[in-house]
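Visitor: So TrEMBL has the following annotated:
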type    : residues                               : note
DOMAIN  : A:30-140                               : domain 'PurM-like N-terminal'
BINDING : A:ASP32, A:SER47, A:ASP77              : Mg(2+) 4 binding site
BINDING : A:ASP32, A:ASP77, A:ASP213             : Mg(2+) 3 binding site
BINDING : A:ASP49, A:ASP77                       : Mg(2+) 2 binding site
BINDING : A:ASP49, A:ASP124                      : Mg(2+) 1 binding site
BINDING : A:HIS56, A:ASP263, A:TRP313            : substrate binding site
BINDING : A:GLY123, A:ASP124, A:ARG148, A:SER215 : ATP binding site
DOMAIN  : A:152-300                              : domain 'PurM-like C-terminal'
BINDING : A:ASP216                               : Mg(2+) 5 binding site
Number of protein chains: 2
Amino acid sequence: MHEFELIRSIFQSSMMANTQGRNDILLGIGDDCAQVKVPDGQTLVFSMDTMVEGRHFPFDADPLDIGYRAVATCVSDLAAMGAKPAFFTLALTMPDSDPQWLAAFAEGMAELAEPIGLLLVGGDTTKGPLTITLQVHGYVEQDHTPRRSQAQVGDDIYVTGTLGDAAAAVPIVTGELQVSAERFDYFYDRFWRPSPRLIAGMALKRVAHSMLDISDGLAQDLQHITKASNVGATLQLSALPVSEELLSWKPDCAQTLALTGGDDYELCFTAPKSAREEIQLITQTLHLACARVGEITASGFDVEGYQGELSGWQHF
Amino acid sequence: MHEFELIRSIFQSSMMANTQGRNDILLGIGDDCAQVKVPDGQTLVFSMDTMVEGRHFPFDADPLDIGYRAVATCVSDLAAMGAKPAFFTLALTMPDSDPQWLAAFAEGMAELAEPIGLLLVGGDTTKGPLTITLQVHGYVEQDHTPRRSQAQVGDDIYVTGTLGDAAAAVPIVTGELQVSAERFDYFYDRFWRPSPRLIAGMALKRVAHSMLDISDGLAQDLQHITKASNVGATLQLSALPVSEELLSWKPDCAQTLALTGGDDYELCFTAPKSAREEIQLITQTLHLACARVGEITASGFDVEGYQGELSGWQHF
C-alpha cells in the first residue's frame, strides 16, 4: 500500500481537502507537514481520538457510517470548548487498501466535515487491523474557554438533547437484537449519527463555568468535572432528559441508561444560577432541548432516585 | 483500561508534559482539548505518523527504543520544514495496560522530546494491537518554508549525514542476522536512534528551494520532490555518502543501500549553485556531513552508475 497514492487519490480529491478560499491553511495534504496560520486573536484547540474496530464500533460496519461517526465524535470535543471547527488529520490503519471502502469512508467524513468547514489537511495510512485516529482542530478566543476545572459550588448542571439512546442502540447496531424497522432506523441513527453541539457550545461558552461532551456516560463524565474542580454534585435521576422513543421502548430503565450510557455526545455544562434566563434564551433560540439536571455541591457524588452502582460505559 | 488514569499517571507525571514556563501551551493533558497560542509571527506546521508493531518496528522490541524512535522519526518531518519543535500528541493502542512497558516507552519519548522542547499535550489510549500514532507540531516563520514543489532545474541535490545504515540494520534488529558485538551496537543504534536534523533544517531553510526527510529511501523520496516540482533529477551513485562501518561490512552494496534503503531520516534538499559556499559554511559550522549527490534536471530520473531497478523501501 502506498500511502501517498492512497491519500492523494481518494482523500485529496474530496471537497473536504480543498484549501481554496481558506486563508488559514497555507499547506494541506502532500508535503512533510501541513502548515496553518492561526487567525489573529484566536487560539488553537485540538483533540485526538482513536477508534478500534470491534471495540468502538462493530466489525464489518458500513464505512460511510464509520467515517461520519469518526468525525462527529471527535468534533464533539471542539463543541465542549466552544470552538469553531477548522481542520483535521487522519491516521488510518487498515488491513488492505480497498478503494470502495475508502471512497465510502471519505464520503461519510465529508458529509459532516464539509458543511462545518472542517478541512482534511494531512495524515498517514498504514497496513494493520482497522484503527482510525483523528485529530480535530478548532479556533477559539483565549478568554472564553470553559474548562473542566472551573465548576463552582452552587452551579446548576445542565445537559443538552436527550441521553441514553446510543447505549440502548448498541445491541441493535451489533445485530444481537432484532427490532421493528421503525425502531431500528431511529436507534441506528442515534448510534451512528451523533450531532456534535457546535453552535450550542459556541453560544454557551460565555455563561458556562465548565463544560464537556458526554462520551462515557453522564455519571462518569460529570465526575471528570467534579474531580478537576474539586467539588461534588447531586443529580436528579428523574430530571434526566430521555427521548420518547427510549421511554416507550424501555420505560423501566430509560433514566438509568441516560445516567450511565455513553456515546450520546451531548454537552454537559455547569453555570451559575444567575445565568438561568440567558441559558433559556440561548437554547430556545437554537431550538435545542436543554435540561437542568442537578447542582454542584461542596463534595460527594449523589444521584437522587438511583439505586445501582455508578460505573462508566464500557464499549464493545 | 481507563485512558484517563493511564495517560495521567504515566505520561502526565513525565517532565515532557510539564507546561510550566511555556507561554504557548494554555492547556495540556486532561481537558476535552489541548489549547495553544501560536507565537506572534509564527505559523504552525505539523505531521502525523503511525507505527504498527511488526511492520514499522519488530515485535517485542524494547519500549524505550520504540518511544525514542517514534518521536525521532516524526520530529524529522519538522526538520524538513525548518521548524522549531513545539508540542505533540500521542494515540496509543496497546493489547493491555502494562505499567512497566508504558513507563519505559514514556522514558524513551522523553529522552528526545525534553531536550528539544517538544511537550506532550494530549492524546488517547485504546485497547488493540500495538499501534502508535504521533502528531508533532512546530513553529516556523511563514516566509521561509522549503516545499517539495519548489525545486528548480539546475539546483544541486544534497543529503546530510550518511545513508544506508538503517536499512542494513534491519536483519540485525529483527534478530535474523548474528554479527559481532561491535557491529551490533553500531547498527542497532542506527536503526533505533535516528538523529532528526532539526538545527540543520532551521539553518538550511533560507537557502534550500526544496527539502524533505528520507524515510522511504533517497530514490523514492527524491521522486516526491521531482514530481511535485515537475522536474527531473540525476544522481551520482558514487557520490552517495555512506558510513565507514557500512562500507567495511558491505563494500559491494553500500551505495545501493544508500540509494534505496529507508529509515535513515537524513535531510535531502535542493539549492541553487550560487548557494554552495553558504551551504558549506552552515554545515561546517554545525559539524554536519553534507554531500552534493546530483542535480535537478528538466525531466527523467537517472542514477549514474546504478544498474538495478528503482523501487522504494518496504518496511518489515
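Cβ atoms are placed via backbone N, Cα and C, with glycine included.
TrEMBL does not curate its annotations; it predicts them automatically.
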Visitor: In Å, rounded, how far does the Cα of A:ASP263 (substrate binding site) sit from the Cα of A:SER47 (Mg(2+) 4 binding site)?
Guide: 17
Visitor: Compare the C-alpha of A:ASP77 (Mg(2+) 4 binding site) with the C-alpha of each of the binding-site residues A:ASP49, A:GLY123, A:ASP124, A:ASP213, A:ASP216, and give the closest one.
Guide: A:ASP213
Visitor: If you count the other Cβ atoms within 10 Å of each Cβ, which of the binding-site residues A:SER47, A:SER215 comes out on top?
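Guide: Answer by Cβ density within 10 Å: A:SER47.
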Visitor: Among the binding-site residues (A:ASP32, A:SER47, A:SER215), which are close to chain B, meaning C-beta separation under 8 angstroms?
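Guide: Cβ contacts with chain B under 8 Å: A:ASP32, A:SER47.
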Visitor: Listing them in sequence order, which of the binding-site residues A:SER47, A:HIS56, A:ASP213, A:ASP216 have their Cα within 10 Å of that of A:GLY123 (ATP binding site)?
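Guide: Matched binding-site residues: none.
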Visitor: Give me the DSSP three-state residue breakdown of the domain 'PurM-like N-terminal' (A:30-140), ordered helix, strand, coil.
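Guide: Going through the domain 'PurM-like N-terminal' (A:30-140) residue by residue, I get 33 helix, 46 strand, 32 coil.
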Visitor: Summarise the domain 'PurM-like C-terminal' (A:152-300) by DSSP state, stating how many residues are helix, strand and coil.
Guide: 69 helix, 27 strand, 53 coil
Visitor: To the nearest Å, how far is the Cα of A:HIS56 (substrate binding site) from the Cα of A:SER47 (Mg(2+) 4 binding site)?
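Guide: Pair distance, Cα basis, whole Å: 17 Å.
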Visitor: Of the binding-site residues A:SER47, A:ASP124, A:ASP213, A:ASP216, which one sits closest to A:ARG148 (ATP binding site) when you measure Cα to Cα?
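Guide: Ranked by Cα distance from A:ARG148 (ATP binding site), first place goes to A:ASP213.
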Visitor: About how far apart, in whole Å, are the alpha carbons (Cα) of A:ASP49 (Mg(2+) 2 binding site) and A:SER215 (ATP binding site)?
Guide: 11
Visitor: Please identify, among the binding-site residues A:ASP32, A:SER47, A:ASP124, the one with the smallest Cα-Cα distance to A:ASP216 (Mg(2+) 5 binding site).
Guide: A:SER47
Visitor: To the nearest whole angstrom, state the Cα distance for the pair A:ASP213 (Mg(2+) 3 binding site) and A:SER47 (Mg(2+) 4 binding site).
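Guide: Given the Cα positions, A:ASP213 (Mg(2+) 3 binding site) is 12 Å from A:SER47 (Mg(2+) 4 binding site).
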Visitor: Cα-Cα separation of A:ASP124 (Mg(2+) 1 binding site) and A:ASP32 (Mg(2+) 4 binding site), in Å?
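Guide: Counting only the Cα atoms, the answer is 11 Å.
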Visitor: For the ATP site as recorded (A:GLY123, A:ASP124, A:ARG148, A:SER215), determine the largest distance between any two Cα atoms, in Å, rounded to the nearest integer.
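Guide: Comparing all Cα pairs, the maximum is 31 Å.
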Visitor: Counting only residues 6+ apart in the same chain, whose Cβ is under 8 Å from the Cβ of A:ASP32 (Mg(2+) 4 binding site)?
Guide: none
Visitor: Take the C-alpha atoms of A:SER47 (Mg(2+) 4 binding site) and A:SER215 (ATP binding site) and report the distance between them in angstrom, rounded.
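Guide: It is 14 Å, counting Cα to Cα.
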